[in-house]
Structures are given as C-alpha cells and as structure tokens.
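For His621, Asp664, Ser759, the entry in Swiss-Prot reads active site, charge relay system. As annotated by Swiss-Prot, disulfide bond applies to Cys53-Cys61, Cys124-Cys164, Cys152-Cys176, Cys185-Cys262, Cys275-Cys352, Cys324-Cys347, Cys398-Cys437, Cys480-Cys559, Cys501-Cys542, Cys606-Cys622, Cys698-Cys765, Cys755-Cys783 (among others), with the evidence given as similarity to another entry. Residues annotated as domain 'Kringle 2' in Swiss-Prot, with sequence analysis given as evidence: 185-262. Swiss-Prot lists 275-352 with the feature domain 'Kringle 3', giving sequence analysis as the kind of evidence. Residues or ranges marked as O-linked glycosylation site in Swiss-Prot: Thr268. Marked as signal peptide by Swiss-Prot: 1-19.
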Amino acid sequence: MDHKEVVLLLLLFLKSGLGDSLDDYVNTQGAFLFSLSRKQVAARSVEECAAKCEAETNFICRAFQYHSKDQQCVVMAENSKTSPIARMRDVVLFEKRIYLSECKTGNGKNYRGTTSKTKSGVICQKWSVSSPHIPKYSPEKFPLAGLEENYCRNPDNDEKGPWCYTTDPETRFDYCDIPECEDECMHCSGEHYEGKISKTMSGIECQSWGSQSPHAHGYLPSKFPNKNLKMNYCRNPDGEPRPWCFTTDPNKRWEFCDIPRCTTPPPTSGPTYQCLKGRGENYRGTVSVTASGHTCQRWSAQSPHKHNRTPENFPCKNLEENYCRNPDGETAPWCYTTDSEVRWDYCKIPSCGSSTTSTEYLDAPVPPEQTPVAQDCYRGNGESYRGTSSTTITGRKCQSWVSMTPHRHEKTPGNFPNAGLTMNYCRNPDADKSPWCYTTDPRVRWEYCNLKKCSETEQQVTNFPAIAQVPSVEDLSEDCMFGNGKRYRGKRATTVAGVPCQEWAAQEPHRHSIFTPETNPRAGLEKNYCRNPDGDDNGPWCYTTNPQKLFDYCDVPQCVTSSFDCGKPKVEPKKCPARVVGGCVSIPHSWPWQISLRHRYGGHFCGGTLISPEWVLTAKHCLEKSSSPSSYKVILGAHEEYHLGEGVQEIDVSKLFKEPSEADIALLKLSSPAIITDKVIPACLPTPNYVVADRTACYITGWGETKGTYGAGLLKEARLPVIENKVCNRYEYLGGKVSPNELCAGHLAGGIDSCQGDSGGPLVCFEKDKYILQGVTSWGLGCALPNKPGVYVRVSRFVTWIEEIMRRN
C-alpha cells in the first residue's frame, strides 16, 4: 500500500462539486482499478487529468485515477464493470457515468451500456464481424459510435432506440429493450430519479437539500449518500409515492414534484421472496393478517382507512389484494387493517432462515453495533484487534464484511477466516498500519477507523471540574498531537514502519513539488520531521527514504489533557434495542450524564442531563409545582432509584431558568460543581441548529414508569430511531402537532418509548466518538403506543440560549 488518502485540498475540491468538467464522472476515494489498457501522464489537477482522459486516442478512456501526492494521472480503458477494484491510499477513481449506466436517455444515441440481447432474446452479433450479416455500421466507419463487442447501440440515431445486428441469419437486426434513465422521467415511485427538476407541482422553487433554511430537516446529504440529494433537485428519500422537495416558501414546508413516468418498463428489482429477508421489501407472499391478528385492508380500498399507499402510487411494489407488503422502506411488511380503530400494523412473516446482517438491510444509517467510547484501543498495527468499533476516522459508518453494497470486495470472512471479520467491525485483515473498514458511503471506498493505539499506562480520571483545553503555543512542540496533528511541531522523523523520513527540502529519493518549505512556509516543514501539511485525517506523515515507498504515516500519539471529555462514558453502554417500558436495564454508570431530579424531601419525579459540572438541562414542565430553586435537588452518579450507592452525589439547585418561549426546556444551576468521576460525566451539547438525520439511532434513559415489568427502580435504556418531522406529522402519527423546535423518535409499532418519570431526561445520539445531547424528553400520546412516537425538545435550537445563561451566571 504505497499511497495515501487524498489530501485536504482535493477533498475540499471534491466536496465543492469539482466543476462542470467532472459532472460526467462518478468518483470514489481510496479505490484503485486494475486496468490492462492504461497510460500514466503528469497532471497538476483533477480537471487536467479529466481533460487527458477525454483527449486519449489510443483507446476509449472510461476512467482515470488521480494520485494527489505525486500529481500522477492514470487514464484507463476499463472501469469497475469490467475490472476488479482494490483499496489504496492517496487515490481517487473517476469513472465516466455514460459507461456505468445501463439505461438510455432519449433515443439512446449515447447509450454505452453492455446489454447484448434483442427484445426477443436473440444474442447480438459483434459489430466488427461480417457473419451472419455484413454490417453497414462498423467500428472502422463509425469510431465515435461506441460500436464495441456486441453491445446494443444506436449509430444511426434511430428514433426507436438502440439496436444490433443479430446472430440469427433470418433476422438482420432488431431493437434492444433498454430502460429509460430516470433523469427526464421516473420509474416506479421515483426512488432512483436523478433528474434536475427543482420546482414543485404548484411552481414553488425547491430548497437545497444541504440547506436548513427556511425549513430545518433531517434529510442531510452527508447522512444519505445513496439518495443522491444534490442541489435542490426533487428526490424521494423516504418512500413517498413520488419525488418531492422542501420548498423555499416559509409557509409551505414541502410538496410533491410533477415528474412524468417513463414509458419503458422499469429495471428489474432483483429476486422476490415468499418469506422475510431483510426488511421484506421484496416479500411477495400471501400473508394478509397482522401480528396482532387484524385482517388487512385491500391496498386499493379507502375504507375504513384513507391512504396514499395505493397500487397506482406504488406500481412496482406489488400491492395486490390485501397481502402484507413494505412499499415505503418500513422495518418490516405491514398493512392497513379492517379495524377502524387500528390504522395499520406490522405483519408476522416467517423468516427465510439465513437472514443477512449486511448494512444494506439495517433500518437506519447508524448500525446498532456502534463504536465503543470507553477503553477501546489497538496494539501494534491492530491485526489482533477484536473490538466492536465500526466508525471511521471521519465519522463514516462501516460496511459489513459480508456485504457487497455499496463496495464489492474480497475481504470476506471466507477469504480471511482468521481475521475476525465480524459484522461491520473495524479490522486489519491485510496487515495495514491500523484497523480499517469499507464505508457505507459509495463515494469513499474505505477509511482507517477512529481508534487510538493502546498506551502503556491507563489515563487517570480527573476528580475536579475542568474546561476543555485548547493547545497553546507550548503544546505545539510536545511529542504528541491534538486532533489530526496539523499543528504538530515535534521531532519524530521515522514512519510507523521505522523507516527514516526524507527531508522536506530534498528531492531524493522522491521528487515532489507540492509539500516543500517554499510552497508551505507555515506548515513547519523543517528537516525530516513528521508533519501534516495537508490536514490529513490520518495524522502526520512524511516522504520516506525508501525508494519503493513514496510516503507513510508516523506514529505520533494523541496528547493527554487534564480535562474531561464530554459524552464519553468510562463504562461502555449496553446499547440495548429493547424497550424502556418493558425493561432493558443499563450497565451501571454507562450513561454518566443522567441525573435524577427530586423534590427537596421527596423521591424521583423527572430526569435531566448534566451538561457541565454546574449545570443540568431538564424539561420546563418538570418545574411546574414550584419556581423556587430550593424546592429541588439533583442526584448524580446513581444506578438505582431508591438505594443510592457509593459515589453518588446529591447537590441542591441554586438557580433555575425556564426558556422564555413555549419550549419545554429549562436550566438548573447546581449549588456546587459536580465532581467529575467515572460515574459522573457531562454529555456534549450539539452544534447550534444542528438537525439529526432521519432514522439516526439514538438512546433514551430513565427511571420512569415500566408498567410493573422487570427492572423497575434501575436505570433503563432503549435505542430509538429519529423520525423526520415530515413523517412524524403525518395524519396517522402525530397529525401536525410537532413543531420545528421538537423532534420525534420511536418505533412506530409501539412497545419502546420513554414514559412518566422519564420527562426531562436525555435523548443522546452517537457522533463519531462521543454522545451528543440532541433531545430533552418532553411529551407523547401515552407510553409506547403504536403510531405515537415520543416527542423531544430539539436541544440544538436552544444552544445559544443555554450558553448565554451559563455565561451570565
């Protein structure tokens, strides 16, 4: 592995769109293509490399690779459809969309796919041969028509679309059955529509998916890389009947778009099943009774329940009779019921047996087995690491090792039986520098994992409150790094493999021009010291003195601060997906920010969250009985509600602040700072106005009502998916009652929810390497009822108010 992840400059360039010259390419970071027909050329930029691909005359250039460190460009005749891909550092693979596509636009004159059969199923004749038919159109006569192999083409601009000469002597030519691309029309419900329509049915301009104004939303392009949420184009990321968008009208949150249906049959959707596989989206069995015993309503009927999940709106979902189906990406097949009191329910479908655990079948972007935050590290190069981390250094989620989506690969448990390739956990099957994984982002093939190297001695726990440190000028000279080490100015000068570094000013054994003391005078490129001039996520590196290896990373440890890390428990949470109502007892002290709010001389009545040593966040409605701070006290570090054990802290409330608007949120100032211990650690506050992505897996905790089930009196936890407000406000759920200052979370089937006594408590979401407080438990229609998810105050909307109150007091 002689290359490295792409430099920050290139990453920023990629994120900005790369410009018009690269719009016709699909790019994948960290992917290396094995191509027999290739040419290596010099190029100062990605665009220059693309221009050389377009100008290539010795072969048809279908792809190119750009190596940023040595400004190397490789143009190639093959692409990922015809040649294998490996992972590599410091490379981005660009493939022409036209050669990856198996659909046609218009009459298909530019179709360059690999279909090689006619509509009637006859194999096509090669364009370069003269038997059984002498061709009028050949590669020699029409070199720009893409007449390769025996693939269907349209060299004469035939209005009926691509065709080919046939291998049947009795039939000279016939047309091919090529589906239309979803750029000017849509198949099915438009789940794969990729066009550029950006106005709603009533003519309102669409809001950009990357914008949170005028409407905040949870469909973030970075969290849904498979949904193609580009610009402000109409899309269908959530299983609606057709594409839609948020609008630029502050008074109209969202609206459907007017996309015409394609006239050709849709592409095949893969195998169908008579049993449950994954989420059951391809289930085509005849079960027509829900798990609770209700008979299903016919999909074509509007009684007793009116709905838009009709055969007309979902023509590809086989909504026949009253059979259980999953047309909209729910967690399992379901149906509307014939009981007017029960709108819908899930069905109990027998499993196919060997159900997959691949990431493509998870019901949320965040896998349930999340990266540990407590005491998870690797030794050596991490080949022996068998932890459960599944997050990369940039915060991306790992792809399951048994999955081939979105990245096909050969690092499978069968090929590497001793590498511990379990679930989507970070591993090092090929003796790389540290554990890594393939990512669930189609644009990034793989990344190193967000793991640290084990230290010789354990870090001590601070017993006094502190403020998170910012590295000072003195810190820069220490032989350790903060963050990605861009400001590291230590004197390490060997790579992780022990090879001495080449001096930055030298041109031997490796010539380079991008990272020199002259081009980067502020990057500290002195002598041959390890540095990170490009802000590489993987840390400091250097060119090596090994002529066979251009560069490698250095083994620079993270600096240890005396401050606590918010959102990082010392005890790893269970992260159990079971219910709070019904009981899933947490591991003691694994949610160390959870507090019990009590009356001065009474018991627990509400929850809350420690956000700094002196401050607790809770729900405003918890303080309705008294506005006097002296009426309340806070219990920290507890696991049992009634029997407070060793290490529990009991602190009075000195001040309370209720958010001045209608929001159900309040701040409590403690009479003395909490002592930060293994059992008492604050949660992190979110970025102001941050919106949690739809279906993000988050966690609620509390000592609330459990309806007499197991675990009463012990701190419980549950994993809940966030539900986008657009969905939560549907008539069948909460009917427009949820405001932009609130968020929904829960399982629509019911059974898992916060309840009485959990009010004011935390809803925390895992982000990269810590838990962030995104919600304050506020209200709900009953406890754990079907179709009635819990509602939480959206903390990010009040961060500015929170910080201002804390600063003034």
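One-based numbering along the chain as shown.
Every residue, even glycine, has its Cβ placed from backbone N, Cα and C.
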In angstrom units, rounded to an integer, how far apart are the Cα atoms of Cys437 (disulfide bond) and Asp664 (active site, charge relay system)?
-> 41
Sparsest Cβ surroundings (other CB atoms within 10 Å) among the disulfide-bonded residues Cys61, Cys164 | Cys61
Measuring Cα to Cα, how many angstrom lie between Cys61 (disulfide bond) and Ser759 (active site, charge relay system)?
-> 61
Residue counts (helix, strand, coil, in that order) that DSSP gives for the domain 'Kringle 3' (275-352) | 0 helix, 16 strand, 62 coil
Spacing of the two Cα atoms, Ser759 (active site, charge relay system) and Cys606 (disulfide bond), in whole angstrom, works out to 5
DSSP-derived helix, strand and coil totals, residue by residue, for the domain 'Kringle 2' (185-262) = 3 helix, 13 strand, 62 coil
Looking only at the domain 'Kringle 3' (275-352), mean pLDDT returns 91
Find, for the listed disulfide-bonded residues Cys275, Cys347, the residue with the lowest Cβ contact count at a 10 Å cut-off, counting only other Cβ atoms.
-> Cys275
Including all protein chains shown, what's the count of other C-beta atoms within 10 A of the C-beta of Thr268 (O-linked glycosylation site)?
-> 7
In chain order, residues whose C-beta lies under 8 angstroms from the C-beta of Cys352 (disulfide bond), counting only those at least six residues away in the same chain, are Tyr273, Cys275, Leu276, Lys277
Alpha-carbon spacing, Cys398 (disulfide bond) to Cys480 (disulfide bond), which is rounded to whole Å | 28
Find the one among the disulfide-bonded residues Cys262, Cys480, Cys765 whose C-alpha lies closest to that of Cys347 (disulfide bond).
-> Cys765
Which recorded positions sit within 10 Å of Cys176 (disulfide bond) - Cα, from Cys324, Cys606, Cys622, Asp664 | none
Rounded inter-Cα distance in Å - Cys324 (disulfide bond), the residue listed as 'O-linked glycosylation site' | 21
For the disulfide-bonded residues Cys53, Cys262, Cys398, which one has its C-beta crowded by the most other C-beta atoms within 10 angstroms?
-> Cys398
Which residue, of the disulfide-bonded residues Cys176, Cys324, Cys437, Cys480, has its CB surrounded by the fewest other CB atoms within 10 A?
-> Cys480
